[in-house]
């Protein structure tokens, strides 16, 4: 039978092991609480007497200190930007604001450039189809270029995790260089495969660095206001489309596609340079450099049924996101609207996306992020079913742009917090990496729509409209099943 001293040492040793896995400092504290082995009395009788006499006081005091030590490493911070436990002072002093708002603004600038240019690709696609690449590329080939941007953004995201030890500012600046370089080289394109490599792969490669820099640095600065901060970042998506879509249309009309790309390249470089200056890690630089390079993937997460359901539901829903953005200019021309009207509609759609991601993202903190994603996905599908097929005039198409734009893009604001709630904070980093990586599949939505249109008699749009509504509804129903599992059957629960 073990002596009280041995039991006490064993318990303290277990506690020290647990806390030692969190931070080295806490391990040292716990070893001090146990005492140095060399100072133990050599006489077992004396040891037992000391252990008996001081057992209650020592156990109480040590228990309180150990419990406090354990509590100090429990935090609302996730570890999306690191591969080991955060330093204790960083965990316990997350400002949930302060300079974090400057970080959120830097994220806004990155999203403004990235998704503003992605949103305006439909304008470039229509311009290429009617000028430089007329007769050289089909609609399917041109739409695939826009999808390649999104595929590259997601597929290359694990690489940015591997380079996280170089600092968020480095990754953000690297993204700024590659996105601008992609636009500069796209200005020289005379064949569709040139666009695949430049505006598709290279620009998307740069976007992956910008996107993941924001996704990994926001948790360092925010806890309870994290969804609001991500909503501010995501608002750049809509406002970028609002500003860049008419700008791109105007530049193409006045200076041609070549100079439009060059001007947007310098614009992108300037905006992201400001974001690079503002970008800042809360983690000590010396700490980040010491972190080992580990695989960003954790395939054991695929053994979690809830995570698998979330991946399938979100990817299917996201299949419907790109088609209206890319097809709106072409559809507007189909119903007799001029390029100015189509770019204005695209701007309005983007602006409503900004309002939706910020306002509905904030509401998601109140009613539940998964609940909000399900509601907005269902509404987006309904709008594509009931309004878009009948949008044969500017006013009706305007209504569709307002309503669909408001509800369609919540994935980008809610993906991180929903993933965290599904896999847990301790597995958020690999969970986000795998979520973003697999969401690249959703970029195939636009080429699928192009193939559907080619198979539709008269190259009509009814097939695209039905497909768009169907994937949103289907994705929402799958996520509704996820809610049923997470809430243990309580469909009114906040989750």
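Numbers run from 1 along the shown chain.
Including glycine, each Cβ sits where the backbone N, Cα and C put it.
Keep in mind the model is a prediction, meaning the values are calculated, not measured.
Annotated compositional bias 'Acidic residues' per TrEMBL: 1-12, in sequence order.
Annotation source TrEMBL lists region 'Disordered' at 1-63.
TrEMBL lists 19-30 (among others) with the feature compositional bias 'Polar residues'.
The feature compositional bias 'Polar residues' is assigned by TrEMBL to 41-52 (among others).
Per TrEMBL, compositional bias 'Low complexity' is recorded for 53-62.
The transmembrane segment feature in TrEMBL is assigned to 98-124 (among others). For the transmembrane segment (98-124), the residues of the chain that approach it from at least six positions outside its boundaries are 145-146, 149-150, 153, 172, 175, 179, 183, 199, 203, 207, 210-211, 213-214, 217-218, 221-222, 229-230, 232-237, 239-245, 247-249, 252, 257, 260, 264, 267-268, 271-272, 274-276, 278-280, 325-330, 339, 342-343, 346, 350, judged by C-beta separation under 8 angstroms.
Annotation source TrEMBL lists transmembrane segment at 144-163 (among others).
Annotated transmembrane segment per TrEMBL: 170-190 (among others), in sequence order. Long-range contacts of the transmembrane segment (170-190) within its own chain (CB-CB distance under 8 A, at least 6 residues past either end) are made by residues 106, 110, 113-114, 117, 132, 160, 163-164, 197-199, 201-213, 257-262, 264-266, 268-269, 272-273, 275-276, 279.
Taking Cβ pairs closer than 8 Å, the transmembrane segment (196-218) reaches residues 80-81, 100, 103-104, 106-107, 110-111, 113-114, 117-118, 121, 124, 144-146, 148-157, 159-161, 164, 168, 171-172, 174-183, 185-186, 188-189, 226, 229-230, 233, 261, 272, 279, 281, 416, 429, 432, 436 in its own chain, all 6 or more past its ends. The transmembrane segment annotation in TrEMBL covers 196-218 (among others).
Here TrEMBL flags 230-252 (among others) as transmembrane segment.
The transmembrane segment annotation in TrEMBL covers 258-279 (among others).
Among the features that TrEMBL reports, transmembrane segment is placed at 300-323 (among others). Long-range contacts of the transmembrane segment (300-323) within the same chain: residues 146-147, 150, 373, 377, 380-381, 384, 408-409, 411, 415, 418-419, 422-423, 427, 430-431, 434-435, 438-439, 441-446, 448-449, 464, 467-472, 474-479, 481-482, 485-486, each at least 6 residues beyond the stretch ends and with a Cβ under 8 Å from a Cβ of the stretch.
Mean pLDDT for the domain 'Major facilitator superfamily (MFS) profile' (301-495) in this predicted model: 89. The annotation domain 'Major facilitator superfamily (MFS) profile' is assigned in TrEMBL to 301-495.
As annotated by TrEMBL, transmembrane segment applies to 343-363 (among others).
Residues annotated as transmembrane segment in TrEMBL: 370-391 (among others).
Under the heading transmembrane segment, TrEMBL lists 397-420 (among others).
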(message) Between the transmembrane segment (144-163) and the transmembrane segment (397-420), are there three or more CB pairs that fall under 8 A, provided the residues in each pair are separated by 6 or more in sequence?
(response) no
(message) At a threshold of under 8 Å on Cβ distances, which of 144-163, 258-279, 343-363, 370-391, 459-482 pairs most often with the transmembrane segment (230-252)?
(response) 343-363
